[in-house]
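Trainee: Take this structure first; my questions come after.
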Amino acid sequence: MRIAKILLPAAKLFPLDYLIPESLVLNIGDLVIVPFRSKELTGIVWEFATIPEASKLKTVKEKVPLDLSITSEVLELIKWLSSYYMSELGSIAKLVLPIDIAEKPIKVKEQKVNNSFVLPDLSEEQKQAVTILNESNKPTLIKGVTGSGKTEIYFHLIADYLVKGKQVLIMLPEIALSTQIINRFIERFGFEPIIWNSSVTKAQKKMILRGILSDKVKVVIGARSSLFLPFKNLGLVVIDEEHDDSYKQDDGILYNARDTAIVRGTFDKAQIVLCSATPSIETMYNIEIGKYQLVTLVNRYNNVDLPNIEIIDMTKEKLSKNSYLSKILIEAIKDNLDNKKQVLLFLNRRGYAPLMLCKACGHRFTCKFCSSWMVVHKATKKLECHHCGYQSKIFSSCPECLEDETLTICGPGIERIEEEAKALFPENKIAVISKDHAKNPERIAQLLHQMENLEIDILIGTQMITKGYHFPNLTLVGVIDADLGSNNADLRASERTFQLLHQVGGRAGRGDGKGVVYLQSYYPDNIIFSYVKAGDEDSFFANELEIRKSADMPPFSKTASVILSGSNESKILEIARAMVRIAPKANVKILGPASSLMSKLAGKYRYRILIIADKKFNLQKYLKFWLSLIKIPSFCHLKIDIDPKSFY
């Protein structure tokens, strides 16, 4: 008897067997409605089989309306993801079909594309870049200084693919970036792109998915999960700010959206374009070995000068109490404001202060569920853990020694810088942009609109503000703590610091007026600053590659982390040690177990085992065999992170 194996979008499910009614003609990839437990679900026809007896099997009910189906390329992507990231097929299918689209009737989202586009003239350098991209048959990086017009280049590519009737995906690391790109897109192409992110409602998702499956949606701008959308006719994949760590998913299925999007584009035979002013080490290495192609833009659009970068030695600054802005920076801000120019102050730390402690007994306020300090939030009068979200009141006395008036706060957060700026410049309009102050795309769009219309004089921001924004009247950037993050033990600490400082500095001087960037540092001789000041990313990349090579770390090797967690620390450590003891002999290096940098998270103690192997070694096959040798108790949660980006 002929049956269909149906892949349902549900965690930990493999394809299930269903009888095929004689009246129903099915093909691989068809979307069908099947009974599952007490309800009906939409599933994907995965494969067919013949069995001798099928009396206990349930029957496929029907195809979904409009005979919608998943392409063979998307099916290949599901298989690849499951194999590479060692995840269940059902979990991957849920990324492709995050909601049930079988309900009817439902309006289909359709974009009306008019091929008479209004595209601005390109510079000679940009025209050469477009020519190279048109001739390229491999993933291509557009590497250009901040403000060089990388977006306009891929807009010209989009125009070509729209004329061909193809679908286009533009990926951004955070959808907060989308506001300015959406406005520019509408101005250029005359219709609104579809936005795909976590804020899209269930009803909107159904409409969008139907539109994509029926090829009526042509352009999508989205965050990580947009790469799984079931495009029928994908022609171009753009991965903007390709270096950004936000492309790595750190919960659920631990995948890298940039890398997966490149695989997706390869399966679909789509052109793949990566963009960044500060590309990742991995991408630069792939260019070096000929796997990717490079297009370089050395000039800003309209030949606008790059900003000057000045380093302020904070060891020589005499700051007044509760002050974090140097006299040099304060004077520069005054001059800038007097000239009717805008200022950006950058500190990658949310809240008012990162730590509260008792001066009498030394007690530090830490999260009861995590191994992290509680951050002081003066605006909400709360202490908050930025890892699990736990909150408590701000105490008036020490809960440890019970002394009064002994509590003090240490270090600045973004709210503290706002307080200082308002005291120094009371007549000026000051705004803050961070995850606490701009919790939805609408609020972010409002702040950006105010900035563009010169309704804000000083914008104070976290990492959110470093990515791709264009403010022509902004000529001064002040980095409050340029040392933050550069001195930790993370493999990628130097890379992240260089990228962050280069990107935030690139917000200055993009219109009229020379830009200047001030980096406040207690370690002014840090070699990273010399690379940033000189704008010499090539030397930085070369130096970083040498360090990675000598340490046998990516991109010269492949790595995986096994993360074990649970509420009983000693038992979790015991299981981790047992795993290492029975590890199969192979040409791999095993480090650990060691406590994670975040040793306790949401009440669970965490230990890591790091596996380092040769680039050609089948790490997934090795891990599967290793895990088959040990039974993990139910109280221990095990995760595998292929190609880990961090070790928190």
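Yeah, the Cβs are placed from backbone N, Cα and C, and that goes for glycine too.
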Trainee: With the ranges 148-151, 240-243 to choose from, which does Swiss-Prot describe as motif 'DEAH box'?
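Mentor: It is 240-243 that Swiss-Prot describes as motif 'DEAH box'.
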Trainee: Least buried of the binding-site residues G144, G147, G149, going by other Cβ atoms within 10 Å?
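Mentor: Each of the binding-site residues G144, G147, G149 was scored; lowest Cβ tally within 10 Å is G149.
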Trainee: Under DSSP, the motif 'DEAH box' (240-243) has how many residues in helix, strand and coil?
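Mentor: Its residues fall into 0 helix, 0 strand, 4 coil.
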Trainee: Least buried of the binding-site residues T146, S148, T151, going by other Cβ atoms within 10 Å?
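Mentor: Candidates: the binding-site residues T146, S148, T151. Fewest Cβ atoms within 10 Å: T151.
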Trainee: Using Cβ-Cβ distances, find the residues under 8 Å from C367 (Zn(2+) 2 binding site) that belong to the same chain and are at least 6 apart in sequence, listing them in sequence order.
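Mentor: Spatial neighbours, sequence-distant, of C367 (Zn(2+) 2 binding site): W373, M374, C385, H387, C388, Y390.
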Trainee: Can you figure out which of C358, C361, C370, C398, C401 (the binding-site residues) comes closest in space to G149 (ATP binding site), comparing Cα atoms?
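Mentor: Comparing Cα positions, the closest of these binding-site residues turns out to be C370.
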Trainee: Tell me the Cα distance separating C370 (Zn(2+) 2 binding site) from V145 (ATP binding site), rounded to the nearest angstrom.
Mentor: 40
